[in-house]
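For reference, the structure is listed below as structure tokens.
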Ligand code: ATR
């Protein structure tokens, strides 16, 4: 009698343009090995004009993938072309995680979950606050605003060089969110318990402005979603001024968890060894 058991090997991707600098293959490769799963996860570069065709081939199975991650510049198109976007991705208008179910492409956005999971891990109790300040109003800011709001923070001040962009986000995310020009930064920081940098200020050794964090509440947490360098100039300043700091690497690691679970059926754990694997890679490519 023939053995009817079949071995399914799932293959997942990360796509973007360009994609070669992505650290996601290292993260998922680590978990596949750790959990002894015979699957694969690889970078797959797709140019913007080819993305609709990639989605079609993902849906009909001819691409050979069960799902994957999507990064810049495809996040908006991934949401628009998916068949079953969830509420999180619909509010953001952007998806970073896709998976196939019954010939349909489901979509979500895990950036916000990664952001709060990182704070939960490294600054437990951070959410016992009523006010947060978020610097920046780009794509990354949206997921952070959504996640902080959904955690129940009552007032979220979004401060941006271009105030109109902050206002767009205040309109999108509801009454908890207030938009401000950059000149108002010091004023809105008064007694806030969380400060988040979502801009590229201080990234890759670029200079960053000095910020006086002293208006923040005692014991406030300062975090940066930039993780290269790990301790950004803003985090360094905040630490010197006596505040708790959380670097952005954990957001990258934790945002990967829900996708892995969808594609490979096991919930992976973000551990210190994984963190060190990525830090080592950052040192090599510094
Ligand atoms: P992302 O999707 O990574 O968030 P983005 O959409 O380009 O990228 O947004 C970058 C953010 O960094 C914006 O808030 C941007 O401010 P503007 O909306 O005014 O452009 C902010 N930013 C970038 N460089 C900046 C600088 N030198 N000073 C202040 N803000 C800066």
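In case you wondered, yes, glycine gets a Cβ from its N, Cα and C as well.
Keep in mind that what you see is a predicted model, and the values were worked out from it rather than measured.
Listed in TrEMBL for this protein:
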type: DOMAIN; residues: 14-98; note: domain 'Shikimate dehydrogenase substrate binding N-terminal'
type: BINDING; residues: 22, 23, 24, 71, 96, 111, 227, 255; note: shikimate binding site
type: ACT_SITE; residues: 75; note: active site, proton acceptor
type: BINDING; residues: 87, 136, 137, 138, 139, 140, 160, 161, 162, 163, 164, 165, 225, 248; note: NADP(+) binding site
type: DOMAIN; residues: 130-200; note: domain 'Quinate/shikimate 5-dehydrogenase/glutamyl-tRNA reductase'
type: DOMAIN; residues: 248-276; note: domain 'SDH C-terminal'
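Here the features listed in TrEMBL are placed on the structure.
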residue	record	contacts (Cβ under 8 Å, 6+ apart)
22	shikimate binding site	14, 16, 43, 71
23	shikimate binding site	252, 278, 281
24	shikimate binding site	14, 41, 43, 69, 71, 256
75	active site, proton acceptor	94, 95, 96, 109, 139
111	shikimate binding site	96, 140, 143, 144, 147, 251, 255
160	NADP(+) binding site	135, 136, 137, 141, 166, 179, 180, 181, 182
164	NADP(+) binding site	none
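On the backbone, the CA of residue 87 (NADP(+) binding site) and the CA of residue 227 (shikimate binding site) stand 28 Å apart. Highest local Cβ density among the binding-site residues 71, 96, 137, 162, 227 belongs to 96, counted as other Cβ atoms within 10 Å over all protein chains shown. Taking a Cβ cut-off of under 6 Å from any atom of ligand 1, the binding-site residues 96, 137, 164 reduce to 137. Binding-site extent for shikimate: residues 22, 23, 24, 71, 96, 111, 227, 255, maximum pairwise Cα distance 18 Å (rounded to the nearest whole number). Of the recorded residues, residue 227 (shikimate binding site) and residue 162 (NADP(+) binding site) place their C-alpha atoms 24 Å from one another.
As a summary of secondary structure, the domain 'Shikimate dehydrogenase substrate binding N-terminal' (14-98) carries 38 helix, 14 strand, 33 coil according to DSSP. Mean pLDDT for the domain 'SDH C-terminal' (248-276) in the predicted structure: 98.
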